[in-house]
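Novice: Right, I'll just put the structure down here and ask away after.
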Amino acid sequence: MAGGGVIGVGGGDGRKPYPGNLTPYVTITCIVAAMGGLIFGYDIGISGGVTTMTPFLQKFFRKVWEKKEADKSTNQYCQYDSQTLTMFTSSLYLAALLSSLVASTVTRRLGRKLSMLFGGLLFFAGALINGFAKAVWMLIVGRMLLGFGVGFANQSVPLYLSEMAPYKYRGALNIGFQLSITVGILIANVLNYFFAKIKGGWGWRLSLGGAMVPALIITVGSLVLPDTPNSMIERGQTEEARAKLKKIRGVDDVDEEFKDLVAASDASKLVDHPWTNLLQRKYRPHLTMAILIPFFQQLTGINVIMFYAPVLFNTIGFGDDASLMSAVITGIVNVGATLVSIYGVDKWGRRFLFLEGGVQMLICQAVVAACIGAKFGVSGNPGDLPKWYAIAVVLFICIYVAGFAWSWGPLGWLVPSEIFPLEIRSAAQSVNVSVNMIFTFAVAQVFLSMLCHLKFGLFLFFAFFVVVMSIFVYYFLPETKGIPIEEMNQVWRSHWYWSRFVEEADYPNGGMEMSKGNHGPKNV
């Protein structure tokens with residue numbers, strides 16, 4: 001069939017694009033949907049700051065507070081080492097893992113919008129319980145409800161954005177989700193800084209309860225957003241989907257794209273068990289990316305910075321106020337660098353950003369490890385830490401955050417959401433979210449113990465994985481820039497390694513004609 005993304009026909013780059021424009025309707029829709037990232041980002045930012053607030057520690061984690069206050073000259077690496085404290089942070093991600101599996105079925109059968117709605121409502125309930133918490137068990141229950149909300153939102157929002165966006169702008173619009181995450185982190189860090197100053201020691205309640213605001217945004221947003229044509233076709237609303245496609249593309253000539261969407265939907269209906277289907281040989285590259293990209297994203301070490309930025313800065317010699325302000329600074333850098341990614345992802349390509357960000361993070365992790373190691377050694381007692389020394393550490397941490405924020409941060413969500421065929425899309429996205437949450441949970445749970453035992457070597461531990469994942473991207477990740485989402489299988493058929501798993505006969509939709517002439521974009 002004739003389809004968008006035909007190779008060797010027209011255009012300077014050999015691709016025949018689907019007609020369509022970046023309409024104000026789509027732009028506003030994607031901005032509203034991307035707000036789903038606020039709940040994830042707000043939580044990442046808020047939890048680390050709250051765990052440095054003295055009234056919070058005194059009320060819920062008194063042993064940690066006593067160890068922190070007992071002797072300032074003791075090993076700074078170990079002052080926050082508490083499995084109960086880390087369970088407060090990491091329980092959310094365990095819940096998100098479980099809910100993402102349920103969210104797959106909801107997203108596929110009931111649509112992307114309903115998953116967003118469930119995510120917002122569950123997050124709101126968790127924030128309410130945490131804000132009024134009287135005991136640790138209430139904190140944990142609240143965190144798990146927050147996690148259920150995150151699981152639904154992270155499952156549905158990236159898929160929604162990739163399906164709504166015109167393929168030429170898919171990268172930039174999808175990264176709006178990551179931008180919202182970074183904005184949420186920044187807002188949380190700023191609020192922590194000011195709420196920590198409230199007399200009476202109840203500012204932590206405002207920090208935790210404040211999560212109700214981003215929860216309301218995504219809840220209300222999900223009620224007013226349109227559904228994606230892909231999802232409408234999947235649920236049998238064919239004519240409504242055609243009309244919706246015309247509206248979001250801003251043109252009447254949508255026949256080619258619509259035919260490809262219908263063909264993809266027909267193929268997906270032949271699949272009774274998408275989870276089992278994922279194990280087929282032809283989906284080997286998709287499954288590999290769904291597992292390894294989120295795995296590597298979490299082992300960049302970014303959570304060392306984002307979850308525990310105030311704890312980390314406090315550990316390396318900053319006072320409580322200064323550590324919270326340093327977290328605000330890294331949050332600002334995070335937002336700014338994500339804007340760079342939005343600008344460049346559809347210009348420079350995914351692979352370039354992945355590889356450049358990897359090199360940048362590797363250099364900064366080595367420098368930070370050397371700086372902390374030289375001053376703290378293995379004893380963890382730095383003595384008097386010069387101001388310029390602390391500033392240098394923060395500077396390199398900021399450069400590291402920038403490298404992540406324009407590479408593995410947004411692309412870790414973008415690339416998996418755009419490479420899956422419709423018949424496995426919801427199930428594969430659940431695998432992506434689940435793996436992300438498994439390792440987010442693991443890193444959050446063991447980080448403080450690792451800091452205590454590995455000391456400055458912790459940064460070298462993560463640097464090793466940055467090297468491994470950069471090698472993986474160089475050899476195994478094809479470029480997906482400028483490929484319509486329903487024609488993405490051409491990148492696997494033209495890849496030096498993955499082509500052995502993907503046969504043309506496996507993908508009749510958009511497959512046969514695209515194989516004529518040129519054989520697809522070469523790896524950058």
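Quick reminder: no glycine exception, Cβ is built from N, Cα and C everywhere.
Residues or ranges marked as domain 'Major facilitator superfamily (MFS) profile' by TrEMBL: 29-481. The annotation transmembrane segment is assigned in TrEMBL to 22-42, 90-107, 114-133, 139-161, 173-196, 202-225, 287-311, 323-345, 352-376, 388-409, 430-450, 456-477.
Could you place these features in context, so I can see how deep they sit and what lies close by?
Specialist: Here the domain 'Major facilitator superfamily (MFS) profile' (29-481) returns a mean pLDDT of 82 for the predicted model.
If you look at the transmembrane segment (114-133), the same-chain residues 6 or more away from its ends with a CB under 8 A from one of its CBs are 33, 36, 39, 60, 99, 103, 106-107, 139, 141-153, 155-157, 160, 205-206, 208-212, 214-223, 225.
Counting only same-chain residues 6+ beyond the ends of the transmembrane segment (323-345), those with a CB under 8 A from a CB of the stretch are 45, 48-49, 52, 171-172, 175-176, 178-179, 182-183, 185-186, 188-190, 192-193, 196, 305-306, 309-314, 353, 394, 397-398, 401-407, 409-411, 414, 481.
Long-range contacts of the transmembrane segment (352-376) within its own chain (CB-CB distance under 8 A, at least 6 residues past either end) are made by residues 76-77, 300-301, 316, 341, 344-345, 382, 385, 389, 392-393, 396-397, 399-400, 402-404, 406-408, 411, 455-460, 462-463, 466-467, 469-470, 473-474, 477, 524.
Residues 178, 181-182, 296-297, 300, 302, 305, 313, 316-318, 326, 329-330, 333-338, 340-341, 344, 353-354, 356-361, 364-365, 367-368, 371-372, 375, 469 of the same chain, all 6+ positions outside the transmembrane segment (388-409), place their C-beta atoms under 8 angstroms from a C-beta of that stretch.
With a threshold of 8 Å between CB atoms, the same-chain residues lying at least 6 positions outside the transmembrane segment (456-477) that come near it are 288-289, 292, 296, 299-301, 304, 350-351, 354-355, 358-359, 361-362, 365-366, 368-370, 372-373, 376, 408, 415, 447, 450, 497-498.
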Novice: Counting a contact as 3 or more Cβ pairs under 8 Å, with residues at least 6 apart in sequence, do the transmembrane segment (173-196) and the transmembrane segment (22-42) touch?
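Specialist: They do touch: at least three Cβ pairs between the two stretches lie under 8 Å.
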Novice: Answer with yes or no whether the transmembrane segment (202-225) touches the transmembrane segment (90-107) by the criterion of at least three Cβ pairs under 8 A, sequence separation 6 or more.
Specialist: no
Novice: Quick test of the contact rule: Cβ under 8 Å, at least six residues beyond the ends. What residues does that give for the transmembrane segment (430-450)?
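Specialist: Answer is 80-83, 85-87, 89-90, 93-94, 96-97, 100-101, 103-104, 147, 150-151, 154-155, 278, 287, 290-291, 293-295, 297-299, 303-304, 307-308, 311, 412, 416-417, 458, 461.
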